[in-house]
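J.: Handing you a structure now.
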Amino acid sequence: MKNILAIQSHVVFGHAGNSAAEFPMRRLGANVWPLNTVQFSNHTQYGKWTGCVMPPSHLTEIVQGIADIGQLAHCDAVLSGYLGSAEQGEHILGIVRQVKAANPQAKYFCDPVMGHPEKGCIVAPGVAEFHVRYALPASDIIAPNLIELEILSKHSVNNVDDAVQAARELIAQGPEIVLVKHLARAGYSSERFEMLLVTAQEAWHISRPLVDFGSRQPVGVGDVTSGLLLVKLLQGATLQQALEHVTAAVYEIMIATKTMQEYELQVVAAQDRIANPEHYFSATRL
C-alpha cells in the first residue's frame, strides 16, 4: 500500500484541500498522511470563514516527528496543494528533500494552487512566484489548471496544441508529468470538461460532460483530481489508465453532488463509484 504525505488546506465543515481529497484517496487504497497548511471553518468561497494559517515551522516539526520514529522512508510521495503563505512553500520543499533523502524513489506532486479571484479563491502574496521559481523545477508531477499553466509557462494558452506545448515547456524545467486539470476555453468544446496528461513522449486528452451547478460551483474538484491521479500512478497505472479512472471517478462525485442538490462535494455518498466508476470515458492519444 502506498503512503502519501498530503500537505494542503483543511476545512472543518465541507470539502476542500485535504478535506476533499483524503477520503477518496484512501478509498482507492492509499494511506494518506494529511498535514494541514491552514485550518479553516469552511472554504473561502462562502465569503467568510474563521481559522488560521499554520506557521511554516509547524510543517517541518510534524515531518521531523515522523522521521524521528523511522517512518519517513516509507513515504512514497509528497503532495502539496493550497499554501497559506509563500514561506510555507519553502518549508515544503525542505520536506520534499528530507523525504527523498529517506526514500530516493519518492515523488513530489505539486498542485500549484494560485488563486481564482473571480471565484473567491484567494492566495497569499508570493505564492504564485514561489510556484514558478521553486516548486516547478522541484516537482516530479505538476497539475495546473489553464490559468496556472499560463502563469507557469509565462504565455497565453489558447487551444489544445498550445496547452501541450506549454506542458512540454514545463517538463523541460523539471517535472516528468504535467496534468492540465481543466482546459476550459482552450479545450475543443465549451460543452465538455477536458483534461490533458502530458510527458515528454506522450500526450493524452480526455473529456467528460459538464455538470451544471449554476453560479455555485462545488469547491475541491481539482484537489480530488490531483490526489486520485497520484494514487493511480503510484499504483502502477499507465497514463491512459490513470486519466480514464480519475475522470470517471470525479464525474461520479459530481453526479452524486448534483443529484443530492448539495453545494459541498458528496465524496462519502459516491465512495463506491470512486473505486468502481459506473461511467467510462476514453482518453485519446494526441
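First residue shown is number 1, and so on along the chain.
The backbone N, Cα and C atoms fix where each Cβ goes, and this holds for glycine too.
According to Swiss-Prot, the record shows the following:
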BINDING   Ser9, Thr44, Gln45, Asp223  substrate binding site
BINDING   Asp111, Ala143, Glu148, Lys181, Arg208, Pro209, Leu210, Val211  ATP binding site
J.: Would you mind reading off the Cα separation of Pro209 (ATP binding site) from Ser9 (substrate binding site), to the nearest angstrom?
T.: 28
J.: Could you tell me the C-alpha distance between Glu148 (ATP binding site) and Asp223 (substrate binding site) in angstrom, no decimals?
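T.: The separation of the Cα atoms works out to 14 Å.
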J.: Under a criterion of Cβ-Cβ distance under 8 Å and sequence separation of at least 6, what residues of the same chain contact Asp111 (ATP binding site)?
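T.: Spatial neighbours, sequence-distant, of Asp111 (ATP binding site): Gln8, Leu79, Ser80, Gly81, Ile142, Ala143, Gly222, Asp223, Ser226.
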J.: When you tally the Cβ atoms that lie within 10 Å of each candidate's Cβ, which of the binding-site residues (Glu148, Asp223) has the highest tally?
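T.: Ranked by Cβ atoms within 10 Å, first place goes to Asp223.
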J.: Measure between the Cα atoms of every pair in Ser9, Thr44, Gln45, Asp223, the residues the record assigns to substrate, and report the largest value in Å, rounded to a whole number.
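T.: Between the most distant Cα atoms of the substrate site, 15 Å.
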J.: Just to be sure I understand the packing, how many Cβ atoms besides its own are within 10 Å of the Cβ of Gln45 (substrate binding site)?
T.: 18
J.: Using a 10 Å radius around each Cβ and counting other Cβ atoms from all shown chains, which of the binding-site residues Ser9, Thr44 yields the largest count?
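T.: Checking each of Ser9, Thr44, the winner is Ser9.
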